[in-house]
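Novice: This is the structure, below, for whatever I ask next.
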Amino acid sequence: MRPTDHLRSLAGDDWIAATTHPFCTELADGTLPLDKMRWYLAQDYQFVGNFVRLLASAIAHAPTLADSVPAAQFLALVTGPENTYFLRSFEALGMDEAAQNAPPAPPTEGFNALMAEAAASGRYELMLAVLVVAEWVYLSWATPVNPPKEELPFYFAEWITLHAGEGFEGVVEYLRGQLDITWDSLSDTARSEVETMFLRAAKLERAFWDASYAA
Ligand SMILES: Cc1ncc(CN)c(N)n1
């Protein structure tokens with residue numbers, strides 16, 4: 001079994017809940033209340049700011065240039081089309097500066113702390129553990145609802161297309177591949193630290209949807 005399949009199976013119910021959440025089902029149906037989407041976008045933009053730092057740290061710790069290139073290309077996507085998606089959505093949904101800069105909710109704070117911890121560890125495998133969860137969870141919920149329904153507004157449709165399709169599948173496969181290879185050379189202690197990091201991230205993904213859906 002691939003190490004990343006082993007990690008996913010450890011995440012159990014949190015993984016299932018994070019990839020089949022009613023927030024995502026309603027987003028894809030176009031029935032998600034806009035206030036929940038506004039709340040989610042404001043929180044998630046804060047997540048993305050710290051995600052960029054973590055991804056940049058992983059690039060800096062990749063063993064070779066070849067290992068870093070797909071991550072560097074993905075970084076350009078997050079800071080390009082994904083960043084402008086947020087800015088266009090804020091405008092379309094009438095979110096002023098105050099709404100965009102809402103105080104971070106507990107799952108946002110938890111994720112920000114986890115990402116900062118992984119980046120500060122200086123350990124590639126711990127950075128990858130968080131990155132794999134974040135992108136694999138999103139690929140898993142978005143793939144079954146891609147392509148989006150034609151009538152969906154862009155702030156729903158593009159959140160699906162940014163996280164599904166061949167290009168994004170390649171990103172997740174690359175991140176998983178990096179963690180799979182790195183895993184082979186880890187001690188038992190380091191493997192158990194990766195497991196803990198992966199499980200914390202999966203729990204936070206679930207909590208992030210729960211908090212957004214409850215908003
Ligand atoms: C909380 C969270 N997790 C993952 C992703 C995917 N980029 C995201 N935007 N937000």
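Every residue number used here counts from 1 along the chain in the order it is shown.
Each Cβ is built from the backbone N, Cα and C atoms, and glycine gets one as well.
So TrEMBL has the following annotated:
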type	residues	note
DOMAIN	17-214	domain 'Thiaminase-2/PQQC'
BINDING	Asp44, Glu82, Glu135	substrate binding site
ACT_SITE	Glu205	active site, proton donor
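Help me picture where these features are in the structure shown.
Specialist: Reduced to three states, the DSSP call for Glu135 (substrate binding site) is helix.
Contacts of Glu205 (active site, proton donor) defined by a Cβ separation under 8 A and a same-chain sequence distance of 6+ are given as Asp14, Ala18, Val133, Ala134, Val137, in order along the sequence. In the three-state DSSP classification, Glu205 (active site, proton donor) falls within a helix.
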Novice: Would you mind pulling the longest C-alpha to C-alpha span across Asp44, Glu82, Glu135, which the record has binding substrate, in angstrom?
Specialist: 13
